[in-house]
Amino acid sequence: MGILGLSKLIADLAPQAIRESEMKHFFGRKVAIDASMCLYQFLIAVRSEGAQLATVNGDPTSHLMGMFYRTIRLLDNGIKPVYVFDGKPPDLKSGELAKRAERREEAEKALKAATDAGDDAGIEKFNRRLVRVTKEHAKEAKELLTLMGVPYVDAPCEAEAQCAALVKAGKVYATATEDMDALTFGSTKLLRYLTYSEARKMPVKEFSYDKLLEGLAINNREFIDLCILLGCDYCESIKGIGPKRAIELINTYRDIETILDNLDSSKYTVPENWNYKVARELFIEPEVANADSIDLKWVEPDEEGLVKFLCGDRQFNEERVRNGAKKLMKSKQAQTQVRLDSFFKTLPSTPNATNAAKRKADEAKKSANNKKAKTSGGGRGRRPK
C-alpha cells in the first residue's frame, strides 16, 4: 500500500522536492531496487502479442523476461542496479495482509462471475488483481541475476527499509520503488517509474527527502507521524483525516500525542488500541541488515549459464538471450566511465539537512504556539507555508 496520498501532498505543498528526468540522467548511479515490486509489474504486464509467457509446463516466465530485459536496459543507460528482496513481513503488517487476503477472495468471486458472463475486460481486470509474487518467483529471479552478474540483497524484513539503509550508508544513490514508504524509512532519494517499460514513456520521478521536509516545514520524526496519519501498512489511520487535514494537524501540534489531546472526538474516531507508537518505532528503527557489511559487486555475465537457464523448458529465444548477454558484457566493459561527482568521496547520509529542516520546523512551531496563545488556543491548524 505504501503511504496513502503522500505523492500528491508533496506535489501540492513541496513541488521543489520532485524532479522529472530521463533514465540517462542517472548514468553512473548505483540504485537499490525493490525486487518484489518489479516482479509484480512484470507478472501483470501483458505482452503486445497477447500471448502468455510460460514454460512447457505452463508456469509463468514473464517475471524472468521482465527482469532480464529491464535490467539490461538499466545497464545500457549506465545505471548499476542492486535488487533487494523482501524477507518476513513485520508482525504489525498482519492486519494489512489480512485485508489483502480478503480483497483476493473478492477478486476470485468477481473473476468467476466475469468468466460466466463472458466479460473479457472483467476477466483481465480480476486476473491482474489475483497476481502475487511467490517465493518461487523470487528464487528464479535471484538465480537469473546471479547469471547476469548483477548483485542482490536478501532483506531480513521489508525491502524498502533495506533499500533506505543502503542509501543512508552511501552504498547507492537512491531507492527505486513505487511505494512511497521508502521515504518514511529515510531514503534520501526515491525514484519512481525507473523500472517501467520504455513503451510507457514515463519520465523517472525523483523525490528528495531533504527538500520535502523543508517544503512541508517538518522534521523527520514529524514526517513519520504524518505518514502514519495518512495511512500506512502497519496500523490503521483516523477515519476522516485526509492529507490536507493531516499536514495541518502536524504543522500545528507536531506529533500524534498532542494531536490526540486536541482532536475533536465528536468529529473523529481514533482506532481502538491504536498501534501508532509501535508503527513509528518500526519506521525509525526497522529490521535491516547492516549496510556497511554488504559488498555490492557487478561481475561479468555467464552467457552459457543464461542460455541453459532461460532456453529449453522456459522457451526463451537463444539468439535473443545471447544478444542480451553480449549487451551485459558491453555494459560491464563501459563501466570505466564515471560521473564527475564520483571523483569526490560519497559520504553516508548525515542529519545536517534534516537538522536545518528541524530548525525551520521549530520556528514554525514557535510561531504556531504564539498564534494559539493570542487566540486562546483555537482548534484549527494553520495552513502550511
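Backbone N, Cα and C atoms are what each Cβ position is placed from, and that goes for glycine too.
Going by what Swiss-Prot states, the Mg(2+) 2 site holds Asp179, Asp181, and the candidate of Asp119, Asp120, Asp233 recorded there is Asp233. Per Swiss-Prot, Mg(2+) 1 is bound by Asp86, Glu158, Glu160; the candidate from Asp34, Asp116, Asp210 named for the same site is Asp34. Secondary structure of the region 'N-domain' (1-104), assigned with DSSP and counted as helix (H, G, I), strand (E, B) and coil, comes to 54 helix, 17 strand, 33 coil. Within 10 Å of the Cα of Glu160 (Mg(2+) 1 binding site), the following binding-site residues from the list Arg70, Asp179, Gly231, Asp233 place their own Cα: Asp179.
Other than the site residues Asp34, Asp86, Glu158, Glu160, same-chain residues with C-beta atoms no more than 8 angstroms from the centre of those residues' C-beta atoms, the Mg(2+) 1 site, are Ser36, Met37, Val84, Ala155, Ala159, Ala161, Gln162, Cys163, Thr177, Asp179, Ala182.
Annotation: Glu160 carries the greatest number of neighbouring Cβ atoms among the binding-site residues Asp86, Glu160, Asp181, Asp233 [cut-off 10 Å, Cβ to Cβ]. For the region 'I-domain' (122-253), the model's average pLDDT works out to 95. In terms of local Cβ density within 10 Å, Glu158 ranks first among the binding-site residues Asp34, Glu158, Asp179. According to DSSP, the region 'I-domain' (122-253) comprises 69 helix, 15 strand, 48 coil.
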